[in-house]
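J.: What TrEMBL shows for this protein is this:
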ACT_SITE  E263  active site, charge relay system
ACT_SITE  D267  active site, charge relay system
ACT_SITE  S468  active site, charge relay system
BINDING   D510, I511, G531, D533  Ca(2+) binding site
DOMAIN    164-553  domain 'Peptidase S53'
Amino acid sequence: MADTHVQLAGSRRPLPHNAIRVRDVDPHATVEVTVTLKGPALPAPGQMPDKALSREEIAQRFGVPAETVRKVGDVLRAYGLQVVEVKQGGRSIRVSGPASAMIAAFRPELGIYHIPGQGQVRARHGVLMVPGEIADVVEGVFGLDQRRMAQRHAQAAALAAAQALAPLTPADLVKRYRFPAGDGAGRTVAIAEFGQNIGNGHVLPPAYLPSDVAAFCKRQGLPLPAVRIESVGLSPLSEQQFRAEIQELPKDLQDLLFMQTAETMMDIQIVAGLCPKADIGVYFATWGESGWINLLDEVTSGSGPVPVALSVSYGLAEEAADWSHGAMASINQRLQIAAMQGMTVCVSSGDDGSGCNQPGKRCHVVFPTSSPYVLSVGGTMLVAQADGKTQEVAWWEAPGERTQQGGGSTGGGVSVLNSRPPWQTVSVASLNPGATDGRVVPDVAALAGPPLYDLLLDGQPFPDGGTSAAAPLWAALVARIDAALPAAKRQRFLAPLLYKGDVGRAGFSDIVSGQNTSRPSPGKGYTAGAGFDAVSGWGVPDGQGLLAALAAV
């Protein structure tokens, strides 16, 4: 075999922050990666199809030729690797084999590292190399590194002090946001969840607690929903496993498991509370770069129904050092495929304000909420007035980012990764000197802060929130609107439509007060005001008004 390896563009990664090398990777350990291949160019953001394409149409028009897939498989088999699965019309190939074969094929600087809050994980640094025979068709190799790339965006509401207003029930939300009549029947809503297998004999995916779903629905007077669990390389813990693990894990990992499970159960309860008759598909994947790609591949090209909406309550700052450029490009492509299927991917804008937990004086936004192929969802809160009424304002609690003592703020700003798509006909000036005209986020908003959502966790009341509560609310609203639209207007990626004609005004209640400055970094932020802004987008939904406006475009 000729030893002619070529550097893989976009593959460079630094070591994880504060990582301590523990040992070498066991050369006999089985490793699975996802190799993404270059296919026909996808349409530019302003040239997307007007009508949803089927999975078969997308595979035919944008898939990779079968002979290319075979060639890649043949070359990798020569290194001792095996092709496990081909997805996305050949754009994704899952490959498995011993670590020694992976090292021979892709030349990673690989090791086992201890990362605070994650345990012992396999990680790499530097660039990857690919065999020269397939260098012109390989776009990325993901999964060698298992570090966490899916930070949850939910606010730790259990820390919240007593508040003047009671948490909102599904009935409260339907009334406040004027949801169209319906229960989601005939629609599929997907939910993305992430976790990881860790060292020391422990498994750390989130848990799925069906008893909480049943108790929540009984408490709210709702029918029990159909929840479909989809394991994409990761299965949720059962209730019994959850209670065993929560006792045995070190304290930092106990907290992580508890909050991951809180996120999962919050997402499910919010969708179930607003769309109790929908088919709810919950997809569990590992939290590394490959997990993102595998989950999106399964949602868009798997055997399950094509969702009308996908709720994603995770992300990481665009400029976080842990991202590789190749991963963001591959994720963006799969989000575009979802949009071409008429799916509205609702992604939370983050809970750490203008800084996204990054050091320095620059403002940041989160990826993938900054993708032009998603609906970016920001957050609000309710403030009690002296006359007994409430005002809905942009969510901000000191210091504008999450801490162990509480706090948080809606993410929002101007992307440095994605340029402003042609359909986003409004712009906001970036607060970063010399910045270009980037994608502005969020597009929309909904409740994220006080008084939070009325939820259960492990059988106990657990009011929770964050922009990751606003994302499943919007996914549920998309499903109810879709069911009420004329047949010719259904299954459409909604984000571009909000900027057409008068939709952004007719379908929303404007949020005119608040800001999202996080302190100490960057110490500046964006301000809500009349019309579209980079704190709440068009505002919070007037569901019935939005239904009427979308029926007209």
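Any Cβ shown, glycine's included, is placed from N, Cα and C.
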J.: Taking the mean position of the Cβ atoms of D510, I511, G531, D533 as the Ca(2+) site, which residues outside that list, in the same chain, have a Cβ no more than 8 Å away, listed in sequence order?
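T.: Here the nearby residues are V512, A528, G529, A530, F532, V535, S536, G537, W538, G539.
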J.: Looking only at Cβ atoms, how many others are within 10 Å of the one on E263 (active site, charge relay system)?
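T.: Summing over all protein chains shown, E263 (active site, charge relay system) has 24 other Cβ atoms within 10 Å.
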J.: Using a Cβ-Cβ cut-off under 8 angstroms and a sequence gap of six or more, which residues of the chain neighbour D267 (active site, charge relay system)?
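T.: When sequence neighbours closer than 6 are ignored, D267 (active site, charge relay system) has I191, E193, V282, S311, S313, S468, A471, P472 within Cβ distance under 8 Å.
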J.: Among S468, G531, the recorded positions in question, whose Cβ has the most other Cβ atoms within 10 Å in this structure?
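T.: Of S468, G531, the one with the most crowded Cβ is S468.
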J.: Under DSSP, is E263 (active site, charge relay system) part of a helix or a strand, or is it coil?
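T.: DSSP assigns E263 (active site, charge relay system) to helix.
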J.: With every protein chain in view, how many other Cβ atoms are within 10 Å of the Cβ of I511 (Ca(2+) binding site)?
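T.: I511 (Ca(2+) binding site) is surrounded by 25 other Cβ atoms within 10 Å.
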J.: Drop a 10 Å sphere on every Cβ of the binding-site residues D510, D533 and tell me which sphere holds the fewest other Cβ atoms.
T.: D510
J.: Measuring Cα to Cα, how far is I511 (Ca(2+) binding site) from E263 (active site, charge relay system) in Å?
T.: 26
J.: Do you know offhand how many angstrom separate D533 (Ca(2+) binding site) and E263 (active site, charge relay system) by C-alpha?
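T.: With distance taken Cα to Cα, E263 (active site, charge relay system) is 27 Å from D533 (Ca(2+) binding site).
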J.: What average pLDDT does the predicted model assign to the domain 'Peptidase S53' (164-553)?
T.: 95
